[in-house]
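Everything on this sheet refers to the single structure shown next.
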2 protein chains.
Amino acid sequence: MTDNRLDFAKQDGLIPVIVTDFKTGQVLMLAYMNEDSYQLTLETKQMHYWSRTRQEIWHKGATSGHYQYVQSIKADCDRDTLLAAVRQEGAACHTGAYSCFFREIYPGFGKEK
Amino acid sequence: MTDNRLDFAKQDGLIPVIVTDFKTGQVLMLAYMNEDSYQLTLETKQMHYWSRTRQEIWHKGATSGHYQYVQSIKADCDRDTLLAAVRQEGAACHTGAYSCFFREIYPGFGKEK
């Protein structure tokens, strides 16, 4: 497993995690894990993050019911970013949207030129 | 456009950018943009990042030929993360892999338990 050991050093102990729907591949959100939340995720097979605003472990779904059940996790070439495929209960976004990425910047932006 | 103004404040002026293949939706890499590289990206329609290791603007493909042509860009609910769909010339990863996410952590990890 040496090869897959994660590099938590680059961002003050946090690693960004890209979360996708395991069936469609749609990107749902980006969040951050510290080592503790990463270990909790592997142990429980439910996504746990580090909340940068609350400065605490964030078990996704614990208050909303919108749990994320881990189907697969990959690390990138530098071992400082994760890509997780999950089964999303309810919606990933706190706004109620299924994905957090609903604000079109471009080509919306480009059209104004 | 006020609604889509990005929040560069949370990570020392940097925003993480999830990059996907515009045809398949496959996640290719994660990189970071500062405001300058973001503006360059919109102007040239080619992905420009901020290299945290070299501390300089990084025009993806300028040395490798592996340019990324922007097809769409979305921001997330908090406007502090971007999702870009690109047409990838060659490979996204410096290892030569099409995607940087080729290291299986789980269920590979889970199997060892």
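Glycine is treated like the rest: Cβ placed from N, Cα and C.
Just so you know, TrEMBL annotations never went through curation; they're auto-generated.
Quick caveat, the model's predicted, so the values are computed rather than measured.
The Mg(2+) binding site annotation in TrEMBL covers A:D76, A:D78, A:D80. Annotated Zn(2+) binding site per TrEMBL: A:C77, A:C93, A:C100, in sequence order. Annotation comment: TrEMBL describes A:29-102 as domain 'Phosphoribosyl-AMP cyclohydrolase'.
Filtering the binding-site residues A:D80, A:C93, A:C100 for a Cβ under 8 angstroms from any Cβ of chain B leaves A:C93, A:C100, in order along the sequence. Helix, strand and coil residue tallies for the domain 'Phosphoribosyl-AMP cyclohydrolase' (A:29-102), in that order: 10 helix, 29 strand, 35 coil [DSSP]. A:D78 (Mg(2+) binding site): 17 other CB atoms within 10 A of its CB, across all protein chains.
Within the model, the domain 'Phosphoribosyl-AMP cyclohydrolase' (A:29-102) shows a mean pLDDT value of 97, rounded to a whole number. When Cβ neighbours within 10 Å are tallied across all protein chains shown, the highest count among the binding-site residues A:C77, A:C93, A:C100 belongs to A:C100. The 10 Å shell around the Cβ of A:D76 (Mg(2+) binding site) contains 25 further Cβ atoms across the protein chains shown. Here the C-alpha separation of A:C100 (Zn(2+) binding site) and A:D76 (Mg(2+) binding site) works out to 22 Å. Rounded to a whole number, the distance between the Cα atoms of A:C93 (Zn(2+) binding site) and A:D80 (Mg(2+) binding site) is 24 Å.
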